[in-house]
Amino acid sequence: MRNTILFGVSMILLANLCFGIMSAFVKITADYFSPMENVFYRSITMTLLLLLIYPFKPYRLKSYKQGGFKKLAFRVVVGGLAMLAFFYNIEKISLATATAFSQCAPIYTVLLSPLLLKEKLKRSALISACIGLVGVVLISDPSVENVGLVEIIMGILSGIFVSLAYITLRDLREYYDKQAVILAFAFGMSLLGLAGMFIDIPFLSTGVHIPRKEDILWISLIGISGTLGQYFLTYAYMNAPAGIIAPIEYTRIVWGLLFGLYLGDTFLDLKSSLGVALILCSGLLIALPALLKELKKI
């Protein structure tokens, strides 16, 4: 049991590192490609990699039972919108702040679950979510590092859409293999990204830019790191309880800070640092009951 949990913890740490690397590469390409193009290139590369792997490690592509397609389509759409909003913020603000906005998903999950899943909202979870919302307000200061109204809206939406994707994943387990969900997401986002590239969407899509020689490397690395991150994430949740894995996901903010500083981001000021700290504390408090419950079983 302990070895399995240790393996799961190792997997989530590797997943967060890979996602941090992917975000850094997206920031590098953001000067040339629009957020929509980055979504397409990330997704199409991931799709091709998954199709190459499939013959060596096949899995069931058809649903276990009827009724799951609409849920899968919804997961693709909200997951894609989350990625699009996140990629926009990677271009405009520091990597740490963009990642912190995205990692607010558990906060919104607490608030949305009673509405969407009819789950009872515990007082402790509500207090934890409120702490996180204070953190969101602190990092949403327009006077800090060019965080304007659009960036704030995109940041909040990225967290909400990730939250909706997580909520949907709970139901999808009954209908599809986990790997099939990953492939469907990558393929669906490739189609949406391709279509979006040819539509002029303010802030998000500015036409098609033909990849230069140096861009081929960055595009490949975005796809490879994103695919590895998704695989490590899947194996983490397959080998260790979610209550133990979920709190460790917040190390993604640390990687966002480190890679952002390396790429030229300025260090967060006191107010933004406090906001990130409150978001971290909020997420840990939300996950704490499940964490303690799982630790008692060891």
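Backbone N, Cα and C define each Cβ position, glycine as well.
For reference, Swiss-Prot has these:
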DOMAIN    17-141  domain 'EamA 1'
DOMAIN    183-288  domain 'EamA 2'
TRANSMEM  5-25  transmembrane segment
TRANSMEM  36-56  transmembrane segment
TRANSMEM  76-96  transmembrane segment
TRANSMEM  97-117  transmembrane segment
TRANSMEM  124-144  transmembrane segment
TRANSMEM  147-167  transmembrane segment
TRANSMEM  181-201  transmembrane segment
TRANSMEM  216-236  transmembrane segment
TRANSMEM  244-264  transmembrane segment
TRANSMEM  272-292  transmembrane segment
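Here the transmembrane segment (244-264) sits apart from the transmembrane segment (181-201); fewer than 3 CB pairs are under 8 Å, leaving out pairs fewer than 6 apart in sequence. The stretch from 5-25, 36-56, 124-144, 147-167, 216-236 with the most CB pairs below 8 A to the transmembrane segment (76-96) is 147-167. Remote same-chain partners of the transmembrane segment (97-117), defined as residues 6 or more beyond its termini with a Cβ less than 8 Å from a stretch Cβ, comprise 20, 23, 82, 86, 89-90, 125-126, 128-129, 132-133, 135-136, 139, 145, 147, 154-156, 158-160, 162-164, 166-167, 170, 246, 249-250, 252-253, 255-257, 268, 272, 275-276, 279, 282-283, 286-287. A contact links the transmembrane segment (216-236) to the transmembrane segment (36-56), because at least 3 Cβ pairs that are 6 or more residues apart lie under 8 A. Same-chain residues lying 6 or more positions outside the transmembrane segment (5-25) and placing a CB less than 8 Å from one of its CB atoms are 42, 90, 95, 98-99, 218, 221-222, 225-226, 228-233, 235-241, 244-245, 248-249, 251-252, 255-256, 258-260, 262-263, 298. Highest Cβ contact count with the transmembrane segment (272-292) among the listed stretches 36-56, 124-144, 147-167, 181-201 falls to 124-144 (criterion: pairs under 8 Å).
Within its own chain, the transmembrane segment (181-201) has Cβ neighbours under 8 Å at 34, 36-37, 39-44, 46-47, 50-51, 54, 61, 72-73, 75-77, 79-80, 83, 169, 172, 207-208, 230-231, 234, counting only residues six or more beyond its boundaries.
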